[in-house]
Amino acid sequence: MSYTALAVTFFGWLALSSACYIQNCPIGGKRSVIDFMDVRKCIPCGPRNKGHCFGPNICCGEELGCYFGTTETLRCQEENFLPSPCESGRKPCGNNGGNCARSGICCNHESCTMDPACEQDSVFS
């Protein structure tokens, strides 16, 4: 094999193995550290847009509670196609990277649980 073919093969493999795009980076990859200045609020959802998306099938709001896999959550699936990360809720809670969704409820992108850290007095502190 000539040196030229070897070099082309090497750089070809290098190009294929080092690509990392926003939507498909591996955990711990080049873009795994999120710049918290770039995190935006997740899109509104639910009746009269009074809630916020916590996952592709979860919409929660203080006034309306939480919806799971209903027509109120359809808009949340749009988040999968947006290039920048988002965050709903203000106070972190739970053991799985969740945020307080409403009084007493902690949600991450997959599920919601009851959490005393999210009681009414401290939800937005």
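Positions of Cβ are set from backbone N, Cα and C atoms, glycine also.
Feature annotations, courtesy of Swiss-Prot:
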SIGNAL    1-19  signal peptide
DISULFID  Cys20-Cys25  disulfide bond
MOD_RES   Gly28  glycine amide
DISULFID  Cys42-Cys86  disulfide bond
DISULFID  Cys45-Cys59  disulfide bond
DISULFID  Cys53-Cys76  disulfide bond
DISULFID  Cys60-Cys66  disulfide bond
DISULFID  Cys93-Cys106  disulfide bond
DISULFID  Cys100-Cys118  disulfide bond
DISULFID  Cys107-Cys112  disulfide bond
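Of the disulfide-bonded residues Cys60, Cys93, Cys60 has the largest number of other Cβ atoms within 10 Å of its own Cβ. Of all the disulfide-bonded residues listed here (Cys42, Cys86, Cys106, Cys107), Cys106 has the Cα closest to the Cα of Cys118 (disulfide bond).
All chains included, 26 other C-beta atoms sit within 10 angstroms of the C-beta of Cys76 (disulfide bond). Within the group of disulfide-bonded residues (Cys59, Cys100), the Cβ with the highest number of other Cβ atoms inside 10 Å belongs to Cys59.
Taking Cys66 (disulfide bond) as the reference point, the disulfide-bonded residues whose C-alpha atoms are within 10 Å of its C-alpha, out of Cys42, Cys59, Cys112, are Cys59, Cys112. The shortest Cα-Cα distance from Cys112 (disulfide bond) to any of the disulfide-bonded residues (Cys53, Cys60, Cys76, Cys100, Cys106) is found for Cys106. Cys66 (disulfide bond) is surrounded by 19 other CB atoms, counting those within 10 A of its CB over all protein chains shown.
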